[in-house]
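Read the structure below first, then the notes.
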Amino acid sequence: MKRRTDPECTAPIKKQKKRVAELALSLSSTSDDEPPSSVSHGAKASTTSLSGSDSETEGKQHSSDSFDDAFKADSLVEGTSSRYSMYNSVSQKLMAKMGFREGEGLGKYSQGRKDIVEASSQKGRRGLGLTLRGFDQELNVDWRDEPEPSACEQVSWFPECTTEIPDTQEMSDWMVVGKRKMIIEDETEFCGEELLHSVLQCKSVFDVLDGEEMRRARTRANPYEMIRGVFFLNRAAMKMANMDFVFDRMFTNPRDSYGKPLVKDREAELLYFADVCAGPGGFSEYVLWRKKWHAKGFGMTLKGPNDFKLEDFYSASSELFEPYYGEGGIDGDGDITRPENISAFRNFVLDNTDRKGVHFLMADGGFSVEGQENLQEILSKQLLLCQFLMALSIVRTGGHFICKTFDLFTPFSVGLVYLLYCCFERVCLFKPITSRPANSERYVVCKGLKVGIDDVRDYLFAVNIKLNQLRNTDSDVNLVVPLEVIKGDHEFTDYMIRSNESHCSLQIKALAKIHAFVQDTTLSEPRQAEIRKECLRLWGIPDQARVAPSSSDPKSKFFELIQGTEIDIFSYKPTLLTSKTLEKIRPVFDYRCMVSGSEQKFLIGLGKSQIYTWDGRQSDRWIKLDLKTELPRDTLLSVEIVHELKGEGKAQRKISAIHILDVLVLNGTDVREQHFNQRIQLAEKFVKAVSKPSRPDMNPIRVKEVYRLEEMEKIFVRLEMKIIKGSSGTPKLSYTGRDDRHFVPMGLYIVRTVNEPWTMGFSKSFKKKFFYNKKTKDSTFDLPADSIAPFHICYYGRLFWEWGDGIRVHDSQKPQDQDKLSKEDVLSFIQMHRA
């Protein structure tokens, strides 16, 4: 229930407030020279006497303290100086109730703090009160005028080199050895002094800053930061994806000078690449994701914690990549600065690329220079040289090279770039948007290795030997190309200076931006998500999360790969070749044949050593293959497990090998509908990609040698009688393959590769084969699409000529059983029907 206000009672109160207001007005007009304390005490005395008279008039008891508080609150609101005018009346009244007087502290003796408590300037996890001397100063760099972030990038190439590639005689006195130099501030030959000192100063500012605080600010400041690694192993993979796109896929789809692709997925040649100083392997994971089993990689990196992490290749098949660590092979140390390792890796790569070398080399070397960031270029000079040397050692003529560099201020580093400029058709220095703008990282990109670079390679090899000799001494190689030679090429020098100064300007702005973002934690780049989406779309990278490949049992994976095909097909057994069935092999040009060494099986690869076999009967299960080998996931093959032999007598060695008869799915690529010849060609390409010459402990994988039926006599030339270990000294029939290993043959598979109603004939007029349709009577020299026999037709219609007892296919064997098909019978039939 509300209490009614009595007008007579409220009148004295209004009168009292009027008097207080008048007094407050007089106090507020007090001179600024008058001490605040006298004003306060005067006010207090006046209010005390005033409150006493008013309480008697009202006839109601009021304590002097309560009125004193009310007066002080009102005086704070209306009569205090402008120093406190920013605070609202409520907060001022609260302070007044606690006894606050302007210019005095709280407490009985006014001993409290007199000044206002400042807002906290605490940053991150720094200790309370910690200030970083040197960091909190202003950099005086305007970073806000940086260009708008964009996914589009421009490439600026060095002008084409018109001078001859230097030879041994010319380079004989180029190497200059002098006192070891450990300062960078005076390296102004290829960069303006002011810019150089500015970038070094900006870097030095961050020396006192906590690393985590720096990283958080950098993450907010970089508009491209959210690109990260997507579904790859690390950010390096996305750098390669970025640069591969910018350079028109010159790495994953190299072309000749006429724009024609050098390698095609449907052709036999692999795309060979190498990855050095590259652990854990992000560059290679990207290339293998893009090319799948159409590429083969070789890698060398330092053994240890930064080794290749092939088990973490989630998006690509690491079985297509072969690490080799130089001298000692898989047991080497991978140190690229050791001449023995460079030579060993070069020989290994050439031996496994038909002596041609790789199509391109990627090098991403670097090591921690914590506390010496400004000297990174000097500390990394030998690493840079060895990566350049490796390019000239293993890249094929016309091939490409990409390598990470840091600052390029010293004449030593610029001299190395000059040698690349002489040895490649085109060279450029490029910083991708996936490389953080504040660091000194850049990439030298080289296109089209020239002929005749051997002398430069030998020269760099000699320089590396000298660097190793001078290690831990006060001397060093200071020049690899004389300054007058470099500066004599004005176009090269101008590009080098422009590139360095442009890079310095970019770094300075980026460092200043991070500095500002450290100081103000509310700053952020608003378009990070938008830019990320735009970049992934442009580079052709799906926006997917990184997840480990799901595990699967072989049976489920088999049904997934055959995609609804009738499973009964896989239980078909070949038709035995007899005198009666021999008549069906007409014309002979429709058929191919292969030597059998054991029973046919289906083999499925689920990744790494997860390999299973199945004999085709629905009642039987998939069985784990007890061999040491690896295959990419999503692979389905028709194979034999053959016991191969090498040598004779007691020294004879036996090894189990996988022989491929036909292929269905290769690393997720369904090839069943392609021509048999094409499937065999792709199988050979696949085997090259997965083979591991550096691992003699692994069981080999081979593709059966396929013969035209009309050339069957070539098979019998490869047959001979050999003594098999454990066969009581009795010679047995052996077939020797292309790799000089032999096995005991069980018979011959004969496969029809032309689909009905098409058949093949031989034109005597044109001296070549043609295709003939038995229904339409059409004939053509070009392969008709509907004449191709897919896998299930080839598998269902195959024949098998068993070479058991009573079959004489070699002159040293026992006499022929007259009731069985002889070698002569078959050869005479072929001769009769191929004319």
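Glycine is no exception: its Cβ is also placed from the backbone N, Cα and C atoms.
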Residue from SER91, SER204, SER413, SER656 to which Swiss-Prot assigns phosphoserine: SER91
Phosphoserine: annotated position in Swiss-Prot, out of SER53, SER63: SER53
Listed range which Swiss-Prot flags as motif 'Bipartite nuclear localization signal', given the options 2-19, 722-739, 812-829: 2-19
Record feature phosphoserine (Swiss-Prot), assigned residue among SER66, SER368, SER556: SER66
Residue among ASN222, ASN234, ASN242, ASN374 sharing the S-adenosyl-L-methionine site, where Swiss-Prot lists CYS277, ALA278, GLY279, PRO280, GLY281, GLY282, PHE283, ASP335, ILE336 as binders: ASN234
According to Swiss-Prot, which candidate in ARG218, ARG220 joins LYS203, SER204, VAL205, PHE206, ASP207, ASN374, LEU375, GLN376, ASN439 at the substrate site: ARG218
Residue carrying N6-acetyllysine as stated in Swiss-Prot, selected out of LYS108, LYS123: LYS108
Binding residues ASN234, CYS277, ALA278, GLY279, PRO280, GLY281, GLY282, PHE283, ASP335, ILE336 (S-adenosyl-L-methionine) - maximum C-alpha distance in whole Å: 23
Cβ packing number for ASP364 (active site), 10 Å threshold: 22
Cα-Cα distance linking LYS404 (active site, proton acceptor) and ASN234 (S-adenosyl-L-methionine binding site), given in Å to the nearest integer: 16
Coarse DSSP state, helix versus strand versus coil, of GLY282 (S-adenosyl-L-methionine binding site): helix
Which of LYS108, LYS239, LYS404, the listed recorded positions, has fewest other Cβ atoms within 10 Å: LYS108
Chain-internal residues near GLY282 (S-adenosyl-L-methionine binding site), provided their CB is under 8 angstroms and they sit 6+ positions away: GLY229, PHE232, LEU233, ASN234, ARG235, ALA236, ALA237, MET238, LYS239, MET240, ASP364
Length of the line joining the Cα atoms of PRO280 (S-adenosyl-L-methionine binding site) and LYS108 (N6-acetyllysine), in Å: 69
